[in-house]
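Asks: I am attaching a structure below and will ask some questions about it afterwards.
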Amino acid sequence: MKPKTIIEKIWENHVVYREEGKPDLLYIDLHLVHEVTSPQAFEGLRQNGRKVRRPDLTFATMDHNVPTVNRFVITDEVARNQIAALERNCREFGIPLADLHSEEQGIVHVIGPELGLTQPGKTIVCGDSHTSTHGAFGALAFGIGTSEVEHVLATQTLWQHKPKTLQIRINGQLGKGVTAKDVILAIIGRYGVGVGTGYIIEFTGEAIRRMSMEERMTICNMSIEAGARAGLISPDETTFAYLRGRKYAPKGEEFDQAVERWRALASDEGAEYDKTIEIDASTIAPMVTWGTNPSMSTSVDGTVPDPEQFESETERNAVRRALEYMGLKPGMSITEIPVQHVFIGSCTNSRISDLREAAKIVKGQKVAPGVRALVVPGSQQVKKQAEEEGLAQIFLDAGFEWRDAGCSACLGMNPDIIPEGEHCASTSNRNFEGRQGKGARTHLVSPAMAAAAAIYGRFVDVRQLEAEPVR
């Protein structure tokens, strides 16, 4: 029997209908819903007299528009209407909802895993591009548009062309101070935002196997920034240990049986991929983006590039535009770039391990004068745990703002906006023009790098912090 990748196994297990030359009809095991991309989908059901086919395979929360201070006072009319619509729609169609009063509320891609809804072998969709986060568990997870949200609500299926397979193998061990965020930024920086276009990526190799589940989620979260349809990692003992005891995970003997099924999902020895990229983990350093897409990055000990060093006129023009928008000059050291804002949060880096890493840097320090620093936990459960562990107090003592759960400053869709022309060290996933607010200048970094930037008011190499004072 021909060896198969995990991608092939999950896909074949979910094909409901196939016709040559056309997309496959896939069954969907879990549909995650939030307030921004769902109102029109529910209205479409209502207009056509349809019900939600599987409310038991659907789970909703509110995250994008939610204020992270005074969360019950929503001043923006659009946000208020979207949140009210989600409450009404979930009531009417019988969908479970983690609303603002729920201790389970949070960013949809944080609560899915922590509640045990996300499991190996599942097909998972959500009206949000970073649904690929759930691929860390060996699930096939991808974002969909609003018309597709309606289709899944009505039928529990989705038409999809089968993408090609790309293996990205990270060999060896990461150096001190280098994180999962640096790995995915390095991949995109070296190979571009189009490297995964037309592919589903499977991340493999020793460095991946050594990562915790939360680190793996960071990697898979940003597969989309590499252009991929989805990204995933074959499940292993780390996966199973994380899921054991979670609210919606199987229990007792059923869990043991599930583990046997999940174990069989891993890509077979000798399975063929359409393309493979190999990277030596030891060559990766802490990363910082300097431009306006995630591939415009360099190591923290690097410099802002000169547009003239790029081969094509298209690239040169893109770099010139990016530098003008970001207010940077060619040849500037990354450590010279001043930072006025720091955001530790988002579906990329707002889990408990992210907050622990940031708190290690912050403990006993103070936020630099002129810097505003936010820590926004990814869920109310993460918030509670961080408070119990004393992390929240570490941040507060240093001068950080400690918030409720939500998408917050990742996107300019709620009150947490970065002012025009100011630089933000952000643990989020996108640095496009205007992403964090009109004219905001976003630099993508790891939680440790963001924490260090808050303390020093500029980027510093976290690898040096223990060895010698940087100020």
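Every residue gets a Cβ built from N, Cα and C, even glycine.
Pulled these from Swiss-Prot:
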BINDING   CYS347, CYS407, CYS410  [4Fe-4S] cluster binding site
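Context for these features, please: burial, neighbours, distances.
Replies: Cβ contacts within 10 Å of CYS407 ([4Fe-4S] cluster binding site), excluding its own Cβ and spanning all protein chains shown: 29.
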Asks: To see if you understand the setup: which same-chain residues, six or more apart in sequence, place their Cβ under 8 Å from that of CYS347 ([4Fe-4S] cluster binding site)?
Replies: ILE107, VAL108, HIS109, VAL110, HIS130, THR133, ASN221, GLY378, CYS407, CYS410, ASN429
Asks: Residues near the [4Fe-4S] cluster site, CYS347, CYS407, CYS410 excluded, by Cβ within 8 Å of the Cβ center?
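Replies: Not counting the recorded site residues, we get ASP63, HIS64, ILE107, HIS109, HIS130, GLY345, SER346, THR348, SER350, GLY406, SER408, LEU411, SER428, ASN429.
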Asks: Count the Cβ atoms, other than its own, that fall within 10 Å of the Cβ of CYS410 ([4Fe-4S] cluster binding site), considering every protein chain shown.
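Replies: Other Cβ atoms found within 10 Å: 29.
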